[in-house]
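Engineer: As annotated in TrEMBL:
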type	residues	note
SIGNAL	1-20	signal peptide
DOMAIN	104-425	domain 'Peptidase A1'
ACT_SITE	ASP120	active site
DISULFID	CYS133-CYS138	disulfide bond
DISULFID	CYS294-CYS298	disulfide bond
ACT_SITE	ASP303	active site
Amino acid sequence: MNIILYSLFILLVFCGQEQGTFLQESSTTPQENKLYTIKLKETHTIVSAKQMYDFLTTKQTYFRQQTPIDIQEIEFGDYVPKPQQNIEKKQADLKLHNFKNTQFTGPITVGDQEFQVIFDTGSANFWIDSIKCKNEGCKQHTQYKPSFRSKHLGYALNVQFGTGDLNGEVNSDVVKLGEIEIEDQNIAEIVEENGAVFQNSGFDGIVGLAYPSMAAYNLNPLFDNVMKQKKLQSNQFSFYMSNKVNSYESQLTFGGYDVTKLDGPVHYHPVIDKYYWMIKAENILVNGQDQGFCPKGCKVVADTGTSLITGPYDDLMKLLDLTNINDNCSNLKELPTLTFKIDGINYDLEAKDYIMELKDDGTEIPLSNEVSASAFIEGSAKQCIGAFMPLDIPDPQGPAWILGDIFLTKYLSIYDRDVNMVGFGKAKH
């Protein structure tokens with residue numbers, strides 16, 4: 001059993017594709033209000049899951065300056081903000097794209113430009129590459145240019161994470177999710193970057209959808225401004241993550257959820273800490289047996305920005321020993337079912353849900369989607385790994401387990417700010 005191989009680094013691989021039309025109105029609604037859904041597009045390159053998680057959440061530290069950045073010190077080149085035309089609001093159905101079940105990115109318009117971003121329930125800031133940034137990493141992406149409706153706030157922001165740091169400036173501009181227009185949205189413009197996370201990734205930014213207590217300067221995250229400006233009748237959003245690799249069937253829905261994507265009832269669980277979308281699990285079972293992971297209950301976080309299942313280091317190592325995954329997947333039929341028991345509801349993950357194939361180029365593909373179990377059992381030379389990673393989230397939010405995209409692909413997830421609850425329902429694939 002190679003613990004290091006399948007537990008420490010799962011690679012996120014992004015390959016660029018031409019984007020199709022993403023504005024459609026959903027006709028199926030569980031409520032009376034309309035739903036708005038974002039289609040995702042692939043991005044390009046390789047970043048480790050640990051690097052990505054460190055950047056998005058646990059290693060972010062904000063250094064607030066008393067004096068805002070002087071806008072005159074920033075070079076804009078020959079760019080001049082253009083007036084934005086008034087466009088009649090339309091209904092929008094914005095869908096997501098799935099790239100190898102490792103990352104889900106989609107379009108968002110800032111000012112008069114469109115960007116591909118990660119929609120992340122595990123963070124709260126809105127980061128985007130800026131035209132002010134002269135580093136090579138920034139130049140590899142679409143760089144934000146302030147529009148005619150932008151406003152200079154000038155809050156300085158420095159973020160340190162595991163493999164580097166970013167220097168940014170928080171300003172505001174108009175943002176569109178399809179044709180849902182949000183005015184005066186706070187945006188952290190990246191003006192300098194050191195490290196590989198952005199340089200080696202194809203997405204242009206990250207849109208945090210967690211609670212405002214996580215945001216720098218206590219500025220409103222995007223969805224909080226959606227609520228403040230009363231853009232939706234129901235202050236919910238939901239993720240359906242298709243298990244079809246490279247498809248455009250995944251979607252982020254604003255205003256509710258799409259019942260046609262469900263294969264069973266939805267169960268709701270109260271948020272216990274309005275920072276992450278954190279709920280409490282009664283237990284984590286292995287083949288139905290209590291292994292002592294949650295003697296007083298476990299904190300678990302629904303996090304669309306993390307690909308894997310993560311847990312506290314000691315507990316995760318114990319889980320890997322209990323699963324005992326052979327590198328060649330020869331014991332696939334003997335692997336246990338993992339169960340997250342939350343408010344009396346059992347959320348099961350079978351081996352096909354948490355095993356991935358390690359390909360020669362270092363990428364991982366979900367076992368259930370592109371390779372057959374029989375291919376491993378019959379002696380294939382391919383390797384398989386568990387989609388787990390040890391990660392110690394510090395106090396006061398930690399210790400906690402992360403339910404990443406491996407879990408959220410099997411279970412459609414609903415995030416309800418009206419009642420501060422997270423809902424899960426088995427997804428229809």
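Just so you know, glycine gets a Cβ as well, placed from its N, Cα and C.
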Engineer: Between ASP120 (active site) and CYS294 (disulfide bond), what C-alpha distance do you get in Å?
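Structural biologist: ASP120 (active site) and CYS294 (disulfide bond) have their Cα atoms 26 Å apart.
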Engineer: May I ask which residues of the same chain, at least 6 positions away in sequence, place their Cβ under 8 angstroms from the Cβ of CYS298 (disulfide bond)?
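Structural biologist: Residues satisfying the criterion: LYS280, ALA281, ASN283, ILE284, ALA400, TRP401.
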Engineer: For the active-site residues ASP120, ASP303, which one has the sparsest Cβ surroundings, going by other Cβ atoms within 10 Å?
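Structural biologist: Comparing Cβ neighbours within 10 Å for the active-site residues ASP120, ASP303, ASP120 has the fewest.
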Engineer: Mean pLDDT over the domain 'Peptidase A1' (104-425): what is the value?
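Structural biologist: Its mean pLDDT is 86.
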Engineer: Which residues in the same chain, at least 6 apart in sequence, have a Cβ under 8 Å from the Cβ of CYS133 (disulfide bond)?
Structural biologist: LYS139, GLN143, GLU189, ILE190, VAL191, GLU192, GLU193
Engineer: For ASP303 (active site) and CYS294 (disulfide bond), determine the Cα separation and express it in whole Å.
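Structural biologist: The Cα atom of ASP303 (active site) is 20 Å away from the Cα atom of CYS294 (disulfide bond).
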